[in-house]
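**Student:** Here it is: the structure, laid out below.
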Amino acid sequence: MNAIPQIAARPREETAPTVKPVARWTVAEVEALYQLPFMDLMHRAQQVHRENFDANEIQRSTLLSVKTGGCSEDCGYCSQAARYNTDTEREAMLPLDEVIAAAQAAKDKGASRFCMGAAWRGPKDKDLAKVSEMIRAVKGLGLQTCVTLGMLKDGQAEELKEAGLDYYNHNLDTDASFYGQVITTHKHADRIDTLGQVREAGIKVCSGGIIGMGESRRNRAALIVQLANLAPPPESVPINNLVPIPGTPLANVAPIDGFEFVRTIAAARITMPTSFVRLSAGRQEMSDELQALCFLAGANSIFYGDKLLTTGNPEADRDEALFEKLGLRPI
Ligand code: SAM
Ligand code: DTB
Ligand code: SF4
């Protein structure tokens, strides 16, 4: 089927990283991956995975919400949107010493990356200065740094880079054509713009999406294409299974079939062969066996620690026991 074309040499000024999409994959090709017999799809995903990674290694990132709740946006899945009546209350930004203590604890538990999240449409300049201090401190502990702060304005990505930021997480979340059914306060194109600013500043991109929001298989395939055709694709691709939050518009969406979720992981692995694919939100609700199928399909990263931003994640002990059973080695 699809061989990824080599990118031909281009004039110097065009070689700067951008996220301008290239036509590497089509939706029809990714739908065809989804339609493969399950065993064939797993085999193909494992082949691609083993060509690019040690299939027995797994990367671990720990998350901390440094500014929780009260968000102006209307993302239909989110506990932190001010407009929905959820159990999550608006909180002030965490003080630096609490962030440092959490990062040190994550490092002691074995995480290699520390990701700090804020419930903002985008950061104000005074907020960014505080987050930059957090990045400097976490980097100083010897951890890779990641933040997810919403949409960035001109100059903000450069400030984050200067503070020592390694990765910026900003998910496309869902297919451009489904986006307006879940979020109306900003656009899919705004997300792509921010990813461009992150790239231009020389920060690595972490971008993925949420599966199980009532989207069709075609929407899922289109999301994968939109991620895979970014030039270059994100270094890190979180695939979240919707965690239904009471009080949000998506509270009662029917859960996605586990095999369909695994197929999505495989499609991400095959189309983005050198990216880390992270089995992200929704892991707490999964059996060990379903998680193992996700790893077989090419997921090689997880969020590690008993909390995501506002919802639960498996205890570190459960993850360690699972890694032990599967012979997975953390990196
Ligand atoms: N406000 C920033 C933004 O929207 O980019 C950063 C924080 S936001 C909570 C980060 C990501 O968390 C979202 O893009 C979405 O992919 C994920 N997320 C939020 N709520 C979720 C849920 N209930 N289930 C699964 N993923 C969720
Ligand atoms: C990502 O893709 N998933 C993480 C991280 N990036 C920021 C967030 C998941 C949030 C799940 C719901 C919650 O805990 O509020
Ligand atoms: Fe705000 Fe991000 Fe939640 Fe959307 S996903 S409501 S932008 S915190």
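Glycine is no exception: its Cβ is also placed from the backbone N, Cα and C atoms.
Since the structure is predicted, the reported quantities are computational estimates derived from the model, not experimental observations.
Relevant sequence annotations retrieved from TrEMBL are reproduced here:
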DOMAIN    56-283  domain 'Radical SAM core'
BINDING   Cys71, Cys75, Cys78  [4Fe-4S] cluster binding site
BINDING   Cys115, Cys146, Cys206, Arg278  [2Fe-2S] cluster binding site
**Student:** What Cα-Cα separation, expressed in whole Å, is found between Cys146 ([2Fe-2S] cluster binding site) and Cys78 ([4Fe-4S] cluster binding site)?
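**Tutor:** About 20 Å separate the Cα atoms of these two residues.
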**Student:** Any of the binding-site residues Cys115, Cys146, Cys206, Arg278 with a C-beta atom under 6 A from ligand 1? Give them in order, or none.
**Tutor:** none
**Student:** Take the C-alpha atoms of Cys71 ([4Fe-4S] cluster binding site) and Cys115 ([2Fe-2S] cluster binding site) and report the distance between them in angstrom, rounded.
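**Tutor:** Distance (Cα to Cα, whole Å): 19 Å.
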**Student:** Would you say which of the binding-site residues Cys78, Cys115 has the most Cβ atoms within 10 Å of its own Cβ?
**Tutor:** Cys115
**Student:** Starting from each candidate's C-beta and looking 10 angstroms out, tell me which of the binding-site residues Cys71, Cys75, Cys146, Cys206 has the most other C-beta atoms.
**Tutor:** Cys206
**Student:** What binding-site residues in Cys115, Cys146, Cys206, Arg278 place CB under 6 Å from ligand 3?
**Tutor:** none
**Student:** Taking the Cβ of Arg278 ([2Fe-2S] cluster binding site) as centre, how many other Cβ atoms lie within 10 Å?
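**Tutor:** Neighbour count, Cβ to Cβ under the 10 Å cut-off: 26.
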**Student:** To the nearest whole angstrom, what is the C-alpha distance linking Arg278 ([2Fe-2S] cluster binding site) and Cys78 ([4Fe-4S] cluster binding site)?
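**Tutor:** One finds 19 Å between the Cα atoms of these residues.
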**Student:** Fill in the CA-CA distance, Cys75 ([4Fe-4S] cluster binding site) to Cys206 ([2Fe-2S] cluster binding site), as an integer in Å.
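**Tutor:** Cα-Cα, rounded: 19 Å.
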